[in-house]
């Protein structure tokens, strides 16, 4: 669960400063977020409401746009409910990891010495632990808890932000611009805002998109193997696990969470993809 190394080089023709892949990813992510926010009100169904008289109804039946699941619950409502949970938790985990990792990385790169060595050793120790396994262990201690998933995912993601911020801070603080600013007596917050953050922003946002895709995939994986969130929570991995026995008789039901997961991850990877390589 670590982001790949950052690479540079001459890329293809861009559209408005962005590559076509990133534009497609941003548009797709925007549509997903818009549906996540407004969709539940438009669907009009409670994702937990059961109707045993409409079990595994095909799409379009009795107002159920995506059909129903094995308990007669509206699939569109559950997909959108899962999107709210998944994207909300992903944003929270990635935001926390980015803030923590970038702050410590800037501190380590700027101060150097024992501070850099201590924080670097701590990051290496966390990085030595398999990320998904660490989250699984924490989830096993306290199952069906979004707080445990949030803590575990944030803990595994912050190291990549730390490493990027640390490396860039080392380079920039040794540069003429930062040294001149220090000689002029400008405060460190001014230097960070005017010199460090503008250089880091692009890489941090790229890592954030990649981290978001990692969180979305991890949540679905843990839910599918019944380690993460549990039924009746409308989470995509949980839904796949519940609907797997019905895949022959109602393939449309299990297809809905699979497509939702794949589309979301694809959009996030397109946003991040131009600066990363697998």
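Placement of Cβ uses the backbone N, Cα and C atoms for every residue, glycine included.
Positions annotated as transmembrane segment by TrEMBL: 23-43 (among others).
Here TrEMBL flags 83-272 as domain 'ABC transmembrane type-1'.
As annotated by TrEMBL, transmembrane segment applies to 85-107 (among others).
Long-range contacts of the transmembrane segment (119-141) within the same chain, counting only residues at least 6 positions beyond its ends with a Cβ under 8 Å from a Cβ of the stretch, are 1-2, 104, 107-108, 148-149, 151-153, 155-159, 162-163, 166, 218, 221-222, 227-228. What TrEMBL records for 119-141 (among others) is transmembrane segment.
Annotation source TrEMBL lists transmembrane segment at 147-165 (among others).
Among the features that TrEMBL reports, transmembrane segment is placed at 204-229 (among others).
According to TrEMBL, the transmembrane segment annotation covers 249-272 (among others). When Cβ-Cβ distances below 8 Å are used as the criterion, the transmembrane segment (249-272) is approached by residues 21-22, 24-26, 28-29, 32, 56, 58-59, 66-70, 75-76, 79, 82-83, 86-87, 206-207, 209-210, 212-213, 216-217, 220, 236-237, 239-240, 243 of the same chain, each at least six residues removed from its ends.
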